[in-house]
Structures are given as structure tokens and as C-alpha cells.
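*Asks:* Quick one: the structure is below, and I'll ask about it shortly.
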């Protein structure tokens with residue numbers, strides 16, 4: 001189907017000129033400064049402060065312009081030397097950077113002789129290096145031959161007959177729907193559908209997944225929101241029980257086991273149920289979604305370098321865009337940085353208009369003829385001109401946008417990896433957190449500054465006045481980040497909590513070594529029903545052995561420092577860094593791509609690259625969709641709870657999309673920030689706002705009065721207080737509810753602190769409860785420490801508190817993600833109690849426990865000993881409910897904080913259909929039983 005003609009808005013995108021000549025002049029001046037001889041004052045790029053724009057810039061007044069730095073002239077035609085102290089022009093001698101690159105590089109006059117590393121090193125270094133390279137050459141030849149034998153074996157043995165025909169149709173599919181239909185035919189023909197139906201498998205904990213899914217369904221049917229939150233806190237984790245393992249998606253062409261699909265759908269449905277529940281406060285929801293978001297993490301799309309091979313990334317981006325599965329965190333290096341910049345500076349609607357073959361008309365970086373770039377290479381040591389590349393790249397970055405401005409516009413976090421020109425400086429990941437005011441086009445140039453291709457560049461940034469100045473961040477000049485860290489997974493995990501990485505790998509020197517002997521995502525082994533080895537076990541083992549031995553030789557070269565510096569760069573880590581992620585996509589390149597590795601694509605080539613990139617991404621969409629289903633359910637909860645806390649309203653539709661105030665923009669400020677540290681600022685602002693009004697407890701005096709009347713705490717309790725500034729509290733002994741005491745609007749009751757949780761033991765106890773035959777044992781996985789406490793004779797108890805009960809307090813105290821001094825946690829602790837008759841008894845270490853006599857007792861309110869004692873009754877209860885078919889899966893009502901407060905004040909709670917009063921009649925187990 002031919003593409004539709006571009007709209008008027010799209011036509012404007014193609015014709016807009018984003019070039020800013022003033023910014024280019026400032027960039028040229030920054031490049032002219034000498035790195036070796038530091039200048040005095042604040043005009044040095046090596047100093048913390050940045051120098052001013054050139055005098056001809058209209059953005060600065062003449063009074064603010066600094067004196068120009070001394071001029072450096074070099075070469076045979078530098079003019080006649082003048083003597084005297086008033087000499088303004090200085091002459092500097094030239095020396096070659098290395099024998100491999102005799103370029104015009106300014107160096108200091110006085111060079112200290114380096115200390116020798118020893119006679120043995122100098123004598124053995126070069127013979128050992130040549131010997132290792134000879135071994136590498138032999139092993140690489142053997143590796144190429146092995147791979148070709150594997151291809152011949154699969155062509156002769158594996159892909160024959162009808163499945164070979166289906167495979168050709170799969171590779172020629174033009175749309176995702178065509179690919180899906182052919183993939184289903186292949187799964188049916190090869191018998192992979194039978195593998196999907198069988199629940200048991202050794203690659204994941206199928207028994208645990210089944211029990212968790214059944215438990216979540218029952219808790220959701222019983223309207224036990226807090227029990228559901230407890231269970232979700234355990235199972236909403238990255239790769240829980242192996243459900244996100246690549247092996248689970250490498251046995252079929254499309255999809256995975258039905259048990260895994262059902263588990264993911266149930267988890268997403270439970271998250272939406274918690275989001276729309278009315279029997280928990282908004283503060284509890286906020287703490288819960290923050291905790292599960294921290295455990296589950298976020299996804300990231302990583303675009304590697306690869307010169308002209310990197311344009312395959314556009315096809316991968318298009319496939320994820322059309323499937324609405326683009327992650328919010330995007331990173332790119334070198335050529336991938338250019339693709340990532342286009343992705344993160346345009347909205348979805350704009351990208352759909354730009355990802356067409358006509359995009360090749362805007363890629364003109366390599367358009368200079370041979371005579372021009374060869375002369376430039378002889379003079380400067382680089383094939384391309386930095387200023388010319390800056391001018392051409394401004395269209396992709398939408399002018400001089402900064403990282404922060406791009407994040408504000410699209411909601412996507414752009415990350416560019418760069419390396420300082422110094423050999424021992426660490427890699428720097430530029431984004432809206434580490435370099436918010438840095439210009440994206442300068443970061444792209446720095447990331448593409450491969451030695452010999454482009455000289456190291458200076459990063460540029462906007463100041464408070466909007467002027468362009470050098471950005472000194474860990475160095476003065478930067479170069480290609482793929483030399484050391486092509487895929488910055490460690491920095492992404494630290495800054496954005498990325499636990500799932502999607503890597504599009506196009507580096508030509510790495511692409512050949514990607515080989516999956518047991519199949520990859522959406523590409524199973526064709527013979528032995530997916531259980532065999534590609535090319536047989538012997539060839540697969542030989543391929544793995546040769547590849548590991550090659551890596552060993554490169555590590556020896558790096559560790560012994562045998563590799564000389566070529567073009568002032570260390571190339572020893574080019575083959576030793578990590579180039580893969582949790583899900584790695586390798587577009588299928590051709591031999592012709594090697595001959596155009598530094599050439600611009602035309603429209604036919606761009607059309608082919610877009611199609612190849614889409615086809616390599618289609619098999620992975622099923623795995624990414626399952627991951628994004630849970631991730632976006634968490635994001636919906638966080639987003640709507642934050643909106644409700646600000647505007648006291650939230651949507652109840654589980655299918656509600658993320659809010660967008662401006663239809664033309666993604667509206668990043670309306671979304672929940674990706675980085676988790678921003679929530680700490682949200683809590684801090686809430687605390688400061690309440691301190692200004694003098695309120696330390698409820699938001700209003702009425703709320704404080706209601707909360708104070710629910711229970712009173714005994715001053716004899718010596719438990720640790722959550723609020724350190726509160727050194728005294730209300731009595732602990734419970735009194736009959738009569739006339740509520742008068743409470744000052746500025747006084748708040750003290751919330752007790754739950755016992756310190758030992759997550760090492762509790763996490764194992766949680767799984768023990770999941771495997772228990774009785775359902776309610778799962779409902780409180782974080783309450784297992786109650787078994788460690790025993791009754792004390794000096795505990796103060798009321799007559800009706802002889803039985804031990806666990807309080808159903810705030811979810812905030814069950815996780816460790818919120819500050820202990822947060823006043824919001826106090827409100828959650830107090831707001832989590834239902835009104836009604838409550839009795840308190842102090843347990844060990846002065847920790848009170850509460851008995852809540854509400855209309856219907858939730859299963860999660862019962863102690864674990866009580867659950868084990870009455871497990872048979874609970875089982876019969878649920879079996880009777882299931883047989884009668886009276887377990888509804890409720891939707892959500894419209895939730896507001898006023899409705900939650902009113903339901904809490906009246907003592908109302910949601911009753912599960914079919915009745916669950918029988919569980920309340922079970923006699924509890926006494927202490928010490």
C-alpha cells in the first residue's frame with residue numbers, strides 16, 4: 001500500500017530551517033581555544049566558568065565582551081617573528097600526534113620524558129602483539145567458516161519443504177499483520193502451539209506462577225484490596241519466576257506460554273483494580289505504586305553506533321511506534337544518537353510523518369566529494385568538518401534544543417553517551433538530569449567524533465539568559481562514546497531504574513558475532529521442535545569456543561597494555577564491552593553496506609533499511625508488549641494518584657490512557673517523572689506546605705478530629721516514633737468511644753512505627769505463603785514477623801484484647817521507599833484505620849496491635865496462625881463461592897478523597913459477594929498456641 005501524501009504540517013517539518021548562525025559562531029569560537037595551553041581568567045574552556053560569545057553576536061552587549069584570547073599561529077607562513085614583551089602573536093612548534101596520524105595538533109613546548117616501563121616490556125611487547133594478532137586472524141577465519149557451515153546445514157536440513165515456503169513468506173511480509181498470520185502458521189505446522197498449551201516447563205517456575213495467578217484472582221473477587229496490594233508487592237518484580245526470560249519467547253515464532261500470558265493479564269488487572277479501589281486512601285495508593293514501580297523498573301531502548309549501518313534504527317523505531325510500544329527512556333551513541341535525537345524531539349504524530357524514505361534527503365553529512373574531504377583530512381586529521389556537521393544536524397535536533405527542553409516537549413528521556421578526550425576519564429551519559437542545559441546537537445557531534453572521522457568537540461549549553469556557551473562537564477573536549485561504552489546499561493539503571501533493555505545493535509564489527517545456538521526471540525530452532533541446536537551440537541559448541549577464545553586474546557592485549565594509541569585513542573575496549581541487552585535486535589545487513597559505510601543513503605536504500613528494521617523488530621513486539629502491559633499499568637496508577645492528590649479526582653476506567661493536556665504535544669509534565677528521585681521532592685514539598693500551616697497530621701482540623709477519635713495511644717509505650725520531633729503522645733490504653741476529645745487544629749495524634757522488617761527472611765516467607773494450600777496465607781506476606789513476637793506479662797491489654805490481631809495500617813510502612821520523617825506516612829498510618837470499635841494491646845517492645853470489629857472482616861486482617869488453624873474452613877468457603885458462581889470481578893467506582901474519608905468515618909467496607917462472614921467466626925489462636 002503506497003504511503004499517503006504528507007499533510008501540510010508534515011510539509012512544514014521538512015521545510016523548516018532550524019539553523020542558528022549565532023550559535024554556530026559561538027561553537028566555532030569554542031573550538032578555536034587551545035586545550036594544551038590553558039588561558040587565564042574565565043575564558044578558558046578548562047576553567048569551571050564559561051567564556052562569552054564573540055563580539056559580533058547580537059545577544060551580548062559590548063560591555064560584557066571579554067578581551068580576545070592570544071592568537072596562536074603555526075606553520076611555515078606564520079609571518080615574521082617580532083621580539084619584545086608586547087608581542088601579541090606567538091609561534092608554537094608542531095609535532096605529530098603519532099606515526100599513524102601526522103596532523104596539525106598543538107602541543108606544549110616543554111614535554112617531560114615519560115618513564116620507561118622496563119626493558120623486558122619494550123623487547124617483548126611488539127613480538128607478543130604480532131603473535132596474538134596472528135592467532136586472532138586464524139581463529140577469526142575458523143569462526144567465519146563455522147558460521148557458513150551452520151548456514152548450509154540449516155538450508156539443507158532444517159528449512160526444507162513447506163516450512164521453507166512459510167519462512168520465505170515470513171521474510172517478505174510487508175506489514176505486521178501479514179507477519180503475524182505467517183508466524184501463526186509456522187507455529188502450528190512445527191507443533192509449537194502444543195508447547196504453548198502445556199503449563200509445565202523447566203525454564204520458569206510454573207507452579208509458583210499458577211498459585212500466584214489463582215491467589216490474585218480470588219483476592220480481587222473478594223474485594224480484599226489490601227491483601228491484593230500485599231500479593232502484588234511480592235509478584236510485581238522484573239522477571240518474576242522467569243516469566244520475562246528470553247528463553248520463554250524463543251520457543252515459538254510469536255507469543256509464549258498461555259500460562260505466562262494469563263499471569264501478566266491478571267497482574268495488570270489487579271493493578272488497575274487497586275488504582276480504582278475506594279477502600280484505601282490515596283496516600284496508601286501512592287506509596288504502593290511507588291514501591292512496585294521501584295521493584296519492577298522501567299524499559300529502555302538503546303540504539304548503538306555503526307556509521308551508516310545505524311540508519312537501520314529508523315526501521316526499529318517505526319515498528320515500535322506503530323505498535324505503540326516505545327519506551328520512555330531512549331539512549332543513542334554515535335549514529336544511534338542521531339536517530340535517538342529525532343525520536344526524542346518529535347511527538348508520535350510527527351514521527352509517523354517523518355519515518356518515510358524521503359528522510360534520506362535530510363541525511364547529507366557525507367555529501368562532500370573526495371577532493372574536498374581528502375584535503376581536509378591532510379590538514380586537520382579528520383575527514384569531516386565539525387561546523388558543517390553541526391549545521392546539518394540541527395534539523396534532527398529541532399534547532400538548539402536542550403535535553404531538558406526535549407524531555408519537557410515529548411516526555412521521552414534522551415541519553416547520549418560521550419567520552420572525554422582524556423584516556424583515563426570516565427564515560428559520561430548526557431540527559432536531562434546530568435546535563436539539562438546541554439545542546440543536543442553538540443552532544444550528537446561529540447558522540448560521533450570517531451578519531452580520524454571527526455575531531456573531538458566542545459559541548460555547548462544555554463545559560464539562564466539563553467546564550468550559548470561551552471559546557472565543561474568532566475573535560476573540555478569529547479569524542480565517540482562507543483569506543484568504551486556503546487550501551488550504557490549501568491548508568492541507565494542507576495539514573496532511571498531501567499531493569500529491561502531493548503538493544504538495537506548495528507555495529508559492523510560486532511554484528512557478525514551475534515549467534516543464538518538455541519534460538520532467539522521469535523526465531524526458534526527449526527528442527528527437533530525447537531529443542532535442537534543450530535547446526536547441531538558440535539558446530540554450536542565450536543562457535544561458542546572460538547568466540548570466547550577471541551575474547552580472551554583481546555583481554556590479554558588490554559590487560560598487558562600491548563595496543564599502542566592510534567589517533568590518540570585507546571582501541572583495546574572496542575571488542576570487550578557489553579553490546580547486548582535483555583532483548584537484542586540485530587538488523588540483517590548486506591555486503592553492499594560495507595562499501596557505503598561512510599556514505600549517505602538515497603531513498604531506495606532508506607526504504608530498504610526501514611523495511612529491514614521493521615522486520616527484525618516484529619518478532620520482539622510480543623515480549624515487549626507483555627512487559628509494557630505491566631509497566632504502563634503501574635504508570636497509570638502513579639499518574640492518576642498524583643493527579644487525584646493535586647485535584648482530588650481520578651478516573652475509574654482501567655483502560656484510561658495517560659493524561660495529555662496539549663493534543664499537539666506529548667505533555668511530559670503531565671506524566672509521572674521517570675526518575676524515582678523526583679518523588680522525594682514531591683514528599684518534601686508536601687511536608688513543607690503542611691509545616692507552614694502548622695498541621696502535622698490530617699490535612700484539615702476535621703480530619704485530625706476524626707483520626708484522633710479512632711484510638712488513643714498509651715504514653716507508657718516506648719516504641720520508636722516515626723516523627724522524631726514528637727517525643728510524647730496520646731495514651732495507649734484504648735477507651736470506649738464516647739464523646740470525642742477536643743483536639744487543637746494544630747495537634748495530630750502520633751502514629752506508631754511498625755517493626756523493622758527483615759526483607760531477607762520475609763521475602764522467603766512470602767514465597768512460602770504463596771505455595772501454601774490456603775488462600776489467606778498469601779494475603780499478608782509482609783506480616784510474617786508476627787511469629788517472632790511472644791506475649792509479655794507486663795503488656796497493657798484491655799479485657800477484650802486477649803486474642804492477637806495484626807493491624808491493617810498504611811502500606812507505606814510495609815516498604816522502605818519513603819523517608820522515616822515524612823509527615824505523609826503519619827497520615828497514611830492513621831487514615832488506614834476503619835472507624836468502629838477498636839481495642840489496642842501492646843506487644844513486644846511496646847508495639848501496639850489493634851482489633852478492628854468492622855461489619856465484614858477482611859481475610860488479610862487475620863493473623864497467620866489463625867489462617868493455618870482455619871485453613872479447611874477457608875478452603876470450603878471459597879469452594880462454595882466458586883460452585884455458586886457468585887464471585888464477581890468488580891470494576892471501579894469514581895474515587896475521590898472525600899468519598900474515601902466518608903466511607904472511613906461511617907465504618908463501611910466493601911463486602912465480597914457470596915458472603916465471607918464465616919471466616920470471622922473461626923476462633924483465633926491464642927498467644928503461645
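The backbone N, Cα and C atoms fix where each Cβ goes, and this holds for glycine too.
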*Asks:* Out of 322-326, 327-331, 332-336, let me know the one Swiss-Prot marks motif 'GXSXG'.
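*Replies:* Comparing 322-326, 327-331, 332-336 with Swiss-Prot, motif 'GXSXG' matches 332-336.
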*Asks:* Across all the protein chains here, work out how many other Cβ atoms are within 10 Å of the Cβ of residue 334 (active site, nucleophile).
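*Replies:* There are 29 of them.
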*Asks:* Looking only at the motif 'GXSXG' (332-336), what is the model's average confidence as pLDDT?
*Replies:* 91
*Asks:* In the three-state scheme derived from DSSP, which category covers residue 334 (active site, nucleophile)?
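*Replies:* DSSP call for residue 334 (active site, nucleophile): coil, neither helix nor strand.
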